[in-house]
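Note sheet for the following structure.
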Amino acid sequence: MSMYGRDPWGGPLEICHPDSATDDDRSRNLDIDRGALSRTLDETQQSWLLAGPGDQGRKKKKYVDIGCLVVSRKLFVWTLGVLLAAAVFAGVVAGIAKAIPRRHRPPPPPDDYTVALHKALRFFNAQRSGKLPKHNNIPWRGNSCMKDGLSDPAVRRSQVGGYYDAGDAVKFNFPAAFSMTLLSWSVIEYSAKYDAVGELGHVRDIIKWGSDYFLKTFNSTADSIDRVIAQVGSAATSPGSTQPNDHYCWMRPEDIDYPRPVVECHACSDLAAEMAAALAAASIVFKDNKAYSQKLVHGATTLFQFARERRGRYSAGGSDAAKFYNSTSYWDEFVWGSSWMYLATGNSSYLTLATHPKLAKHAGAFWGGPDYGVFSWDNKLTGAQVLLSRLRLFLSPGYPYEEMLRTFHNQTSIIMCSYLPIFKSFNRTRGGLIQLNHGKPQPLQYVVNAAFLASVFSDYLEAADTPGWYCGPHFYSIEVLRSFARTQIEYILGKNPLKMSYVVGFGNHYPKHVHHRGASIPKNGVHYGCKGGWKWRDTKKPNPNIIVGAMVAGPDRHDGFKDVRKNFNYTEATLAGNAGLVAALVALSGEGHGVDKNAMFSAVPPMFPSPPPPPAPWKP
């Protein structure tokens, strides 16, 4: 019996009984097998050959080669199936979770500083003069004084626009320029904070409104000028005089029909240098608008040159300005203005001037005095010292500026020490309000400026990785400085013995009889003449219009306050006061601290020469 099949090694497969084949057959088969065995075997054939008895009957395992690993096909299929199932399951769960409505945690309510900031900025909308924009959002205000400048035969050019200074309709350019400079400073440092609370566009509009008006007050296209406008409107009140003007009359600005004179000055270094500072600072705010920024820089350059060439105080000679905003010196404006001019242009000649020892000496940097460290519309030295300390901390320009910059930095540290209660440089009321003006009326405008300087200086130190500063042998952390600023602003917002908020519209208890013509006279279609509005001035009823955000003059040195409309020492609000309030509020607002270190130096060239270019590649 025999079976024939295919020999997997190349020859016929023959299974025979041992005795059934002849010798010739065996010999022939042997010859064939030698030929077959000489061929190369693949892996499968080798496995059959090496298999033990009974292995040929088992089922062959299948494998999958996935490159770096050979795995069982069964295991591979199971693993792949589990992964696909897990992916499908995860997708289903994610879809269900997405479809289920979720309760989003509401954002935390804004802090008191942010709430007050929104309101304080609205005050500037209420003070606008001229043709108002559609988005002014003060329903009881309208277009006013549309003939300013044009009706004065000595001027005959438009002075429409700008801001009314306080509760009257006079436009004093000296404190108004300081207000715009201060607002611009706060925007340069804290633009991210303004943006986070939705007020960046608003505050930029406020600054632009003021800057556009300043460009009208002199020939801003010229390279040199011989005059600048200092004031529009009259506040002169002599005993027995019945001449209609902005103080004698009590009228809504929209109803003014009496003449409004324009005051020019031909030697007013303080005014021109402050206006130059305002335009220079604004040019940094608007650096994203190249054409407008350059226009502001050109105007600032012209004004500062005029200030240096035609020396004099704008308030000399017994003018209105001498009674309400008397300037005691112009040397501090030279330091302040040249500092801003350097930051706006990068021209080192301005820095050389700002750090000149003689200029600093004339400005009172070395002799102290009772008002040393008090930053205001009159005295800019303290602000200039803080600004130049910033330059030293962040850029460190070195020789030849380092000696005076170090002096200014040290003096700034001393001023910050004077704000602390432990040093008793200034008295405080029992309620804790610092008396920077030594107990005289209208204290709050000085307090908010100090709070801003303390806040911004502490942020400078933090940005420079400096945990504090020395007052003599004692070291104080920056948190001590911030605590001073917070306690002063919180006093103003209502943490005082009277529980009175001195910012109108903030809280439930605030002044209702603000010394302000537009707020005290109803907008009812009736034209109240010069004397016709006196009944609204004299009434004991609350103002019909709430001038939201106005910071009034403040309490007396005993924490007392009289909410009386005719007493402006308590109830009048001013541009300069509110500018300081806005600056302090934005510095303290939000959860974090920190200034924009680089925005201020956008026009400043590198302090050191750039390295030389690399050598040309070697050529054989």
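Cβ atoms are placed via backbone N, Cα and C, with glycine included.
So that you can see what the record holds, here are the features copied from TrEMBL:
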- 75-97: transmembrane segment (TRANSMEM)
- 113-585: domain 'Glycoside hydrolase family 9' (DOMAIN)
- HIS515: active site (ACT_SITE)
- ASP563: active site (ACT_SITE)
- GLU572: active site (ACT_SITE)
Ask   = C-alpha of GLU572 (active site) to C-alpha of HIS515 (active site): distance in Å?
value = 5
Key: Integer mean pLDDT for the domain 'Glycoside hydrolase family 9' (113-585)   = 96
Task = For the active-site residues HIS515, ASP563, GLU572, work out the Cβ neighbour count at 10 Å and name the residue with the minimum.
result = ASP563
Remark   = For HIS515 (active site) and ASP563 (active site), the CA-to-CA distance in whole Å is 9
